[in-house]
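Undergrad: Pasting the feature list from TrEMBL:
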{"type": "DOMAIN", "residues": "A:19-248", "note": "domain 'ABC transmembrane type-2'"}
{"type": "TRANSMEM", "residues": "A:25-43", "note": "transmembrane segment"}
{"type": "TRANSMEM", "residues": "A:55-82", "note": "transmembrane segment"}
{"type": "TRANSMEM", "residues": "A:102-125", "note": "transmembrane segment"}
{"type": "TRANSMEM", "residues": "A:137-161", "note": "transmembrane segment"}
{"type": "TRANSMEM", "residues": "A:167-186", "note": "transmembrane segment"}
{"type": "TRANSMEM", "residues": "A:198-215", "note": "transmembrane segment"}
{"type": "TRANSMEM", "residues": "A:221-245", "note": "transmembrane segment"}
Amino acid sequence: MNGRAVKTIFDHEMARFWRTPWESLASPVVSTVLYFVVFGAAIGGRIPSVEGVSYGAFIVPGLIMLTVLQQSIANASFGIFFPKFAGTMYEILAAPMSFIEVVAGYVGAAALKSIIIAVVIHLTAMVFVDLPMAHPVWALGFLTLTAVSFSLFGFLMGLWAKDWQQLQFIPLMVVTPLVFLGGAFYSASMLPPFWQGVAHLNPVLYLISGFRWAYFGMADVPVGLSLAAVTVFLALGLTAVWAIFRTGWRLRA
Amino acid sequence: MPPIIEVRDLAKTYASGTVALTGVTLDIREGEILALLGPNGAGKTTFISILCGLVTPTGGHAAVGGHDIARDYRAARTLIGLVPQEIAVEPFETVMNTVRFSRGLHGRARDDAHLEQVLRSLTLWDKRDARLNELSGGMKRRVLIAKALSHGPRVLFLDEPTAGVDVTLRREMWAVVRDLRASGVTVILTTHYLEEAEEMADRIGIIDRGRLLLLEDKARLMHEFGRKRLTVELTDPLAALPDSLAGHGLTLSENGLRVSYDYDTRADRSGIARLLAGFAEEGIGVRDLETEQSSLEEVFLRLVEEGA
């Protein structure tokens, strides 16, 4: 195990995060404030509460999940795409480290960045609304598993992408719609029965529901299902990474 | 002393069907400078890329410092530093940080004193806090060498180290490589510049179409494969060569005052004595003689043509 190499990649990625604090931290905070203004104040004023929780507080877990999914994918995909783009990938490939160690460095850093941003959004939200937390350990658990799973997907996307357009494609066309339709800003129970059925086909619904349960003790789906969903995401990501490790796909000729 | 690198039947066929290497076998001695010469697409970069772990071979095997590059890749790669052909650097990183990063990837503890030494030897110390996108092409190439040396490798691969570099910088690079050899580092370089191989290498390997055509000490190569040209300066001009000298394949200069004779140093007899006797018999006066060794470039072109 080349722990020092893993730490080198990890530190290198985290350094980029801290080097551009505005892009890294201020942007998600500004977005959160905007969401609060639009959804919390303008729209939320007309929705007094959702299942006993004020609407402003209700959207916080969804908002955090939306950002965590986007940031995990963006950070991890950029992390591995940039050396490909700059041509410095040779250095990673020629280093005495296994592919799993390379993944640990990039995915670990991407996941931690997302978790830091999630905490910042949570703290920002506390300025606007009362934010109870029923199961803080579970909240951290869901957050970590989700951040790691989607950082793995981001890493795979960064490997797959051949240009900047491809890098943007899946976050824009797949992830954002899934999060918006996954109950980030509403409870699935607010939908008509048919659309409730459709919503339950969306895997992201399970993540948001589980995370919201950790906050308020209420959920669209049983928390066990949410846990199963995030485990499936993680397993899929790990399996794909393992397959790449075996074949060297998009890495070694 | 066992070779630092052993390569046996190394082969690579890319997924596209391109055959880049076919059964290359060679040993590289510790501490030598080996130059791999070959035209574009000969397989030089593929050869280096396999040894460094960038490309997976489709046949054969290789070991660095006794460590198999596939089974024991960690130990093998720890011994290797690679300077790639393309100048590829992270544009916004500083020189010091990028060199530290390379050292860390090799699992070595931070050692700024060592890095200072490396950067000073490459006259980069003053630029340690400069961003890479502020540096000239030549400076960036030095940074790539510094990165490759950051972990103290025993073997350094230089893939076309002086491509696109001006003459002054090229000579500086040669000096750097010589210093490295003096410090015990084995250097394997690929080059298009025959002058470079002739100037620096202890041994020269010639690769063409994925085959190693030859691997030889430079001096012996020059000696064994070198053709020589004898130029005979005459006292009086000749209108034409006499028939008795026709069998020697001579060339008469336009002014009739110089006769050129090409001969092979590998042949049992050079034919010079017979030629000069022929001159004497014809009563042709000789003012001076001059011999000229063919350059490595000519040797190289001839081998590649013969191998085709």
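Each Cβ is built from the backbone N, Cα and C atoms, and glycine gets one as well.
For each feature listed, report its degree of burial, its nearest neighbours and the pertinent distances within the displayed model.
TA: For the transmembrane segment (A:25-43), the list of distant contacts is 55-56, 59, 63, 67, 71, 116-117, 120-121, 124-125, 128-129, 185: same-chain residues at least six beyond its ends, Cβ to Cβ under 8 Å.
Outside the transmembrane segment (A:102-125), and at least 6 residues removed from its termini, the chain residues within Cβ reach (under 8 Å) are 5-10, 12-14, 17, 24-25, 28-29, 32-33, 36, 57, 60, 63-64, 67-68, 71-72, 75-76, 79-80, 92, 131, 143-144, 147-148, 150-152, 154-155, 241.
Within the chain, the transmembrane segment (A:137-161) has long-range Cβ neighbours (under 8 A, six or more residues past its boundaries) at 64-65, 68-69, 72-81, 84, 103, 106-107, 110-112, 114-115, 118, 167, 169-170, 207, 210-211, 213-215, 223, 226-227, 230-231, 233-234, 236-238, 240-241, 244, 249-251.
Sequence-distant contacts of the transmembrane segment (A:167-186), counting only residues of its own chain at least 6 positions beyond either end whose CB sits under 8 Å from a CB of the stretch, comprise 39, 50, 59, 62-63, 65-66, 69-70, 73-74, 77-78, 81, 157-158, 161, 199, 202-205, 207-209, 220.
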Undergrad: Any residues 6+ beyond the ends of the transmembrane segment (A:55-82) with a Cβ under 8 Å from its own?
TA: 13, 17, 28, 31-32, 35-36, 39-41, 43-44, 47-49, 106-107, 109-111, 113-115, 117-118, 121-122, 125, 128-132, 143, 146-155, 157-159, 161, 167, 170-171, 175-176, 179-180, 182-185, 187, 204, 207-208, 211-212, 214-216
